[in-house]
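A quick write-up on the structure given underneath.
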Amino acid sequence: MRLLYVFALILAVRLASVFVVKTYYVPDEYWQSLEVAHKLTFGYGYLTWEWVRGIRSYVYPLIIAAVYKLLALLQLDSAQLLVLLPRLLQATLSAYSDYRFYVWTGKRKWALFLILVPWFWFYTGSRTLANTLEASLTTIALSYFPWYGEGTAYLWPAAICCFLRPTAAVIWLPLAFYHLRKSRLSVPELILKRFVLIGLLVAGAGIAIDTYWHGELIVTPWEFLKYNVLHNIGSFYGSHPWYWYFTVGLPTVLGINTLPFIFGIMQTVRQGNKFPISKQLLISILVTLLVLSTVEHKEFRFVSSLLPLCLYVSAEALSRWSYRASRTQLWAAALVILVGNVVPGWYLSTVHQKGPIELMPKLREIAQEYRDEREQRANILFLMPCHSTPYYSHIHENVTMRFLTCEPNLEQRDNFKDEADRFFDAPMHWLRSHIPVHPLSALPSHLVLFDTLGDKISEFLANYKLLHSIEHAEVNKLVDSQALLDEWSSALGTQLPNVASLLQYVQSRTGKSILVYQRLQTGEENAFNRQEYREQEPDLPQTSENLFN
């Protein structure tokens with residue numbers, strides 16, 4: 001198959017994902033890339049605590065900021081293009097990395113098939129996540145690794161990868177030792193003239209960029225490790241048992257591809273001499289999983305860089321199996337893998353958590369057109385778990401917005417609770433303490449919240465009317481599933497999680513729909529509700545001070 005046709009096919013799939021994937025995954029897709037680039041380019045926006053503390057590198061956001069600057073110079077900086085072009089750029093890089101994977105694997109058909117169909121890569125391959133960039137750079141570096149012969153070209157993308165996300169170094173340490181062991185060059189020459197030299201050049205350029213934009217001399221990889229590993233700040237955002245990556249994390253990322261990967265492991269273990277590259281890749285995978293397992297905070301995307309390694313092992317095993325398999329077996333295997341990826345890929349890309357993406361054009365329209373009775377522009381309050389939606393990058397209007405923050409306990413205070421936790425513990429108390437109710441014009445012009453919060457702040461919402469209701473995600477109580485888990489728990493003699501309790505917590509903060517409320521203007525007030533509200537709450541402060549900002 002011609003390489004140009006192969007690349008065109010891969011590029012078509014990745015570009016298609018830009019338009020098919022219309023759901024929300026994790027905040028970092030926006031808050032650690034697009035929002036930073038927007039503030040750099042247009043001068044307004046929001047930087048999270050990671051940027052204030054200097055644990056993030058500006059290298060990736062600056063690439064997006066360059067795109068934004070070009071659009072601004074051409075007067076084409078519409079919100080739609082600010083969202084679309086960075087994703088097209090990332091999708092193109094992902095397509096190139098997929099092409100390099102195909103070349104690296106010896107241009108096998110199974111390799112092309114396996115790199116195109118994974119649900120997780122389709123779901124994340126065009127997202128502006130540092131993890132997506134890391135996975136792409138890892139694949140490119142692996143394709144240039146000197147598995148046979150000699151070469152150090154792989155060190156450049158690998159070094160960039162390690163600078164942007166220091167945890168990526170775990171993948172490359174076993175491979176670096178493998179290179180040292182098989183290279184014809186002497187160990188001192190390879191280390192000093194290749195490893196150290198290229199590493200210093202990349203690190204020097206990265207430090208110079210970060211120092212300029214952070215405004216002080218700073219080494220962001222060290223700050224990243226200091227906060228996330230030494231201070232274990234990541235555990236503030238959730239903890240998982242040490243074995244989570246082995247039992248849940250990597251199997252979920254692989255999905256149905258776990259089956260050929262296990263087959264590849266079995267083949268490699270049995271006949272290691274026939275699978276030398278797979279053998280070395282399995283060592284890197286195991287070392288990476290073990291090291292990452294020592295960190296309490298775990299996420300699926302943290303092992304996305306292992307996907308090309310796992311797919312290589314799978315492709316090599318399936319390719320050898322294909323020589324003795326019948327046509328029926330080949331088609332059956334391909335069909336199972338395809339359907340097993342299409343179903344979760346379609347659901348998660350088009351249905352689950354689509355609310356935040358559908359919400360932003362409506363907020364953009366409000367930001368552009370809304371004026372209250374005093375001709376003031378919109379000010380929007382997000383009463384949601386922090387970073388539940390994109391922000392200025394998707395609105396591109398300099399209006400006042402506020403969300404509930406969730407900065408970790410950086411000062412090590414006792415009994416610490418972030419703003420979002422304090423709000424959800426007592427929503428009405430927080431609103432009375434932070435938001436004035438008189439005069440009416442002092443209230444935020446718009447509220448954004450999940451439907452489960454509505455009943456808890458119904459008194460406050462008496463001053464608002466419902467403007468939009470946007471479907472977000474299906475949330476079920478799973479009573480039958482809990483009964484099944486209880487049976488398993490009894491049979492196994494162990495304690496399994498209480499799904500009902502977990503969902504009760506989730507439902508208290510998120511919901512099936514996202515609601516947008518607009519403040520009542522003069523002449524629109526619901527007099528009955530307002531009178532009832534005043535009688536129930538006679539001691540409310542009568543200040544007109546705007547605490548919103």
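Quick reminder: no glycine exception, Cβ is built from N, Cα and C everywhere.
Unlike curated records, TrEMBL annotations are generated automatically.
Looking at 273-291, 330-348, the range tied to transmembrane segment in TrEMBL is 330-348.
For the ranges 195-215, 300-320, the feature annotated in TrEMBL as transmembrane segment maps to 195-215.
Feature annotation (TrEMBL): of 242-265, 482-505, the stretch labelled transmembrane segment is 242-265. Between the transmembrane segment (195-215) and the stretches 58-89, 242-265, 330-348, Cβ pairs under 8 Å are most numerous for 58-89. It is 330-348 that, among the stretches 58-89, 153-175, 330-348, forms the most Cβ pairs under 8 Å with the transmembrane segment (242-265). When Cβ-Cβ distances below 8 Å are used as the criterion, the transmembrane segment (58-89) is approached by residues 15, 18, 32-34, 36-38, 40-42, 126-128, 130, 133, 160, 163-164, 206, 209-210, 213-214, 364, 390, 393-396 of the same chain, each at least six residues removed from its ends.
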